[in-house]
């Protein structure tokens, strides 16, 4: 008898999901309630195996909703039995509601994931194709779980930490629940203090001015440049279009010492003018590259017709090219805005005067032992929210822009 | 006609050229210049004569004696100042008794010439005289008429004084080679990690299911959020005392002692009876790098995968190719182009990266890369010249990598 059977696959799959999801739901439970759980991975793996076996014994067409429900119940019963009715290593009367919720989540996840992995897999012998299918499904399942956790967890921690008090953080770092009973004022205390005592209103304004200024300057430089590269014929055009991107390979850290020296002597260093010179210089090349790609895609006939009708070049650009390329202008603007908003190195090196700190520079000054951690995280949230809102709002635009023009990291 | 068009094109490109020239190309060259000069952070302020005015003797009645004293000194410890001068308007009502040495008086003004003054030069110019009622009425007679000084000094940045001391310092330090090794590790593993994670994530997303748009947006978060926010979040998350992760690990009994992820240079790990030192802080920083930049490779790889035609897969399916075979023999070969371009870009950008490590560890605990070393030498140790010398090393290595890549990379579709 071959070992490669649906039963064997079900055992592996059930054990995998049982162990994985008990840890995930257990940790989630701990993070939400602050109560430390001790997820019993072994018992959960066993429970998962029982559930998966219940599923796989049925023929593919018999795996109805009822069958899945039975599998779920089997998982629940096995887990309860083998952990002596404490599925998260806790007595059931501690946070019973949340425990129940975590338990339902666990059972549902195990049943769902096992069912998806074993779909169309018979209980008897399976061929190589089918076993690889199970393997790939399982890998993808792990991938989804792991990626979602590693991406979402830091952001979750960032937001939750900013809403806690110093005592609560030190008492139990695991407790990332929100205590709603304390009232809105005390919940958002770190934010209120940032804006009243730490001058964050001003930093926000400065960051907005610098970023919008960078966008305007970048566009006013790169639009004519991109038009020239994409529409006008001259010697060295192709070379230019390519070499523009080389600028992007130049490390900022190599530029920082000379610029620091020169800007100090010119009195530009500790000033927003200095930033408004440096930021566009780093964004213009990529903006030019992205725009010229888009301009090339526009039909040249329209512009030629405009020229025939007596428009000047400037008229053509203003009345024909730009209105047609609004989507590209939007994505370049957003992209440049995000670069300028997120920029750290030059803001950190150049700005000494707290009156003209950008957000990035302001947050660095929060990173000291005298400032509580929740303020630092509140600052991080304040800096992140505008970018994420813009990003989510215009995601389609931005993703196109990112993949079309390639991006600086 | 053609020439006019070319002229127009150059005119439209001129602003871009100028700003790139001034802010990118000029500093690149200037960096080489600074790297062979003995420049410290303090030298950026040019040498000047500092002056401090005081009134001596306490005149109470008109006709009392008083002395105005100008205390002068050369601000520089090692630069001389040529044609050093002092000029001041005397407060009204002060009648000087006579001009001090090397000074001349002229209708209520004093002017002194000191010629060339050596470094650390100090001098007190005392101007004696009598005061009258008008002088006594003034609250602070000297404040209203500040003295001015002038002089010419060599600016160390523009002088022709060169030294190789910076490079000698950089290369002779035992630390340099470890910094170089850390940089290579960081760059190679950071790039590889981001690419592998990106490839994996792209595989996950290359099929339609409910919530795909949401997940794709979520997966891009690490890349679009400000570095300052995510870096500090990681620091808080991994903190050995108040961090969530360590609390989780210790309370669930996974580890006995909290782990100082960003502070411990290495921890011993025993595997199959062999104990070796695992570079912990460096690995955590590399994990951050991979975490923060996988979305970029994810996006590009996904875009490429969605443009692949499905014919090949259908044919392979007919022929009974297994899923792994399909991935290995059909998907991967078609992704080699975009993967190698991404590797090139990310390799160079990771090599250039400064912010991440600087914010996470500040270059401590064996995580100092060349870029952090530039900052360390130039600003933390206030030796701009040495910092620039490290920056030269960065640039030279970068050019080497880029040339090698362009030489040996497969000629695939452009970006």
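Residue numbers in this text run from 1 along the chain shown.
Cβ from N, Cα, C; glycine included.
Automated prediction, rather than curation, is the source of TrEMBL annotations.
Per TrEMBL, domain 'ABC transmembrane type-1' is recorded for A:204-394. Marked as transmembrane segment by TrEMBL: A:7-32, A:38-57, A:69-90, A:96-113, A:134-157, A:203-227, A:239-263, A:275-295, A:316-338, A:376-394.
Here the transmembrane segment (A:96-113) sits apart from the transmembrane segment (A:203-227); fewer than 3 CB pairs are under 8 Å, leaving out pairs fewer than 6 apart in sequence. Note on the transmembrane segment (A:38-57): residues 6-7, 9-11, 13-19, 21-23, 25-27, 63, 67-68, 70-72, 74-76, 78-79, 82-83, 87-90, 106, 110-111, 114-115, 118, 121-123 of its chain, located 6 or more positions outside it, place their CB under 8 angstroms from a CB of the stretch. Counted over residue pairs separated by six or more positions, the transmembrane segment (A:316-338) shares fewer than 3 Cβ pairs under 8 angstroms with the transmembrane segment (A:69-90), which leaves the two as not touching.
Within the chain carrying the transmembrane segment (A:239-263), a Cβ under 8 angstroms from the stretch's Cβ atoms is held by residues 229, 269, 274, 278, 282, 285-286, 288-289, 292, 345-346, 349-350, 406, 408, all 6 or more beyond its ends.
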